[in-house]
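Enquirer: Pulled these features from TrEMBL for this protein:
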- HIS126, HIS131, HIS165, CYS166, HIS177, MET182, HIS365: Cu cation binding site (BINDING)
- 91-190: domain 'Plastocyanin-like' (DOMAIN)
Amino acid sequence: MFTIAAIAVMGGALFGGTFTAQLNATASDVKSDVSALQKIQEMGGLELVMPGAFAEMGDCDSAAYEGRTVVDFPLTGVSITLPSGLAGDFNAMTFSEQIPGPTLRVTQGDVVRMTLTVPEGEATPHGNDMHASQVTAVPTFGAVQPGTSKTYCYIAEVPGVYKYHCSGVNVAAMDQHVLQGMYGIAIVDPIDGYSKLMVEKTAVNENGDVIRDRQFYSPDALEFSLQYNQLYLTDGSYDQTKMFGHQHTLTTVNGQALGYVPNEIHNLLNQSGDIFFLQPYNSMDLHQYQSQLLFTPVGVHNRIFIENHGNEPVFFHIVGEILDRVTQGNRVQSHGTETWLLGGSQNMIVDIVFDEPGLYVGVNHDYAAIYTGAVTIWAAGLPLPNINETVTAISTELYPVIDGAVAAGSYAGALGNPYDAIPPYGPQSIAHPAKNVHCICSDAVAQAQADSGAVELWVAIPAILEESARVAAEAAEAEG
Ligand SMILES: [Cu+2]
């Protein structure tokens with residue numbers, strides 16, 4: 001008996017690498033006419049020399065850490081070539097060969113032990129500034145030279161979502177390193193857990209009066225994470241002049257412009273016609289870079305962790321919905337709001353229940369951002385009848401997983417939710433029925449996702465469709 005995952009594993013060996021060519025992206029790739037910054041780079045960055053006692057800060061042997069859970073967070077600073085979609089390949093800088101870098105999840109009060117390794121041969125040093133920490137910036141976040149590594153520790157004292165980002169070469173070229181991909185988030189769960197969700201509703205009572213009818217949901221939630229940024233590129237390299245002018249090339253969500261929109265798979269299953277609109281990530285041949293939809297059942301508490309890593313504001317809005325709750329730093333900022341503004345290096349947790357089956361579009365409601373990539377589509381419930389019929393029709397005994405998918409109230413069981421939009425699980429996470437391999441990342445990272453059980457849709461879907469056709473042909477012949 002086959003499952004989608006088994007087919008994915010069988011087919012995994014057939015596909016080789018695509019976008020993994022190593023490229024030594026250096027500061028000299030920067031296109032800029034700002035001479036002062038060039039001088040800072042030539043100086044090797046801005047480094048404050050601190051008294052010796054400060055060298056102990058971030059030390060991992062502190063007595064204050066006794067009795068606490070210590071969570072290791074290893075990262076590697078490496079430059080690789082990755083696809084940008086609409087603007088060709090670009091010289092990416094990454095934490096651990098993926099954009100965004102790995103997500104850290106801890107509980108308030110835990111000790112984070114972060115180790116950044118910069119491999120021998122890497123063209124530039126890197127650093128890591130973690131906003132979840134409260135330690136002296138110098139020397140903690142300073143440059144780590146190629147061929148060396150650096151560890152620091154801190155207590156995650158305050159719950160919330162926090163950016164981490166490369167600090168460049170002691171601040172020099174920090175803009176380039178962050179805007180070419182060196183960023184990620186840490187989620188610090190509240191020590192006493194998340195609160196139940198109240199959703200504002202009305203009803204008509206037995207007297208015919210319209211009354212308030214607040215609905216309450218368990219704090220347990222299906223979780224997503226969305227990280228916003230921009231790419232400023234000319235010929236695949238960072239263009240600092242464009243950054244200074246706030247003239248981005250692309251707007252990215254989890255490293256990708258238009259990364260969560262319909263694709264060829266949905267068209268194949270839909271059969272009666274294309275539901276895809278023009279975007280660069282349609283084809284299954286793109287493997288982990290193919291765009292994917294986000295799937296959620298209706299009537300379920302969704303918790304979305306959002307960070308703005310970029311250089312421009314995010315006006316977060318979901319077309320067709322109202323944000324039921326906005327939380328920052330474990331303090332509720334709003335109940336029921338149409339749009340919430342995030343400045344640079346700002347975050348929030350959006351709680352939302354999708355009420356009706358359909359397609360809902362998360363956007364940065366800045367039109368320049370929408371048309372350059374800040375579009376994220378949720379399919380809530382089972383709103384695509386043709387896909388539903390197709391999935392159900394091919395649900396033979398060979399593919400029991402698909403029965404569960406439809407019964408689960410979303411398409412995530414059959415197609416999975418994209419791996420890079422799902423944070424690591426915490427104590428109040430509802431598990432996704434399945435994940436699919438998806439990321440702006442090297443083939444090695446994509447393989448690690450597959451090894452952890454995520455479905456390689458570019459292997460599984462053709463195999464399912466082929467088997468479905470074979471079963472149908474056999475049935476026709478038997479009747480014949
Ligand atoms: Cu860096």
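Cβ from N, Cα, C; glycine included.
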Enquirer: According to DSSP, which kind of secondary structure is HIS165 (Cu cation binding site) found in, if we only use helix, strand and coil?
Expert: strand
Enquirer: For a Cβ distance below 6 Å to any atom of ligand 1, name the binding-site residues from HIS131, HIS165, HIS365 that qualify, or say none.
Expert: none
Enquirer: For HIS126 (Cu cation binding site), just give me the three-state DSSP call.
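Expert: Its secondary structure by DSSP: strand.
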Enquirer: Using Cβ-Cβ distances, find the residues under 8 Å from HIS165 (Cu cation binding site) that belong to the same chain and are at least 6 apart in sequence, listing them in sequence order.
Expert: ASN128, ASP129, MET174, HIS177, VAL178, MET182, TYR183, GLY184, HIS309
Enquirer: Rank the binding-site residues HIS177, HIS365 by how many other Cβ atoms lie within 10 Å of each Cβ and give me the one with the fewest.
Expert: HIS365
Enquirer: Let's check the environment of HIS126 (Cu cation binding site): how many other CB atoms sit within 10 Å of its CB?
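Expert: The Cβ of HIS126 (Cu cation binding site) has 28 Cβ neighbours within 10 Å.
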Enquirer: Using a 10 Å cut-off, grab the number of neighbouring Cβ atoms around the Cβ of CYS166 (Cu cation binding site), all chains included.
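Expert: So the Cβ neighbour count for CYS166 (Cu cation binding site) comes to 31.
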Enquirer: Going by DSSP, is MET182 (Cu cation binding site) part of a helix, a strand, or coil?
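Expert: In three-state terms, MET182 (Cu cation binding site) counts as coil.
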Enquirer: What are the helix, strand and coil residue counts for the domain 'Plastocyanin-like' (91-190) according to DSSP?
Expert: 10 helix, 46 strand, 44 coil
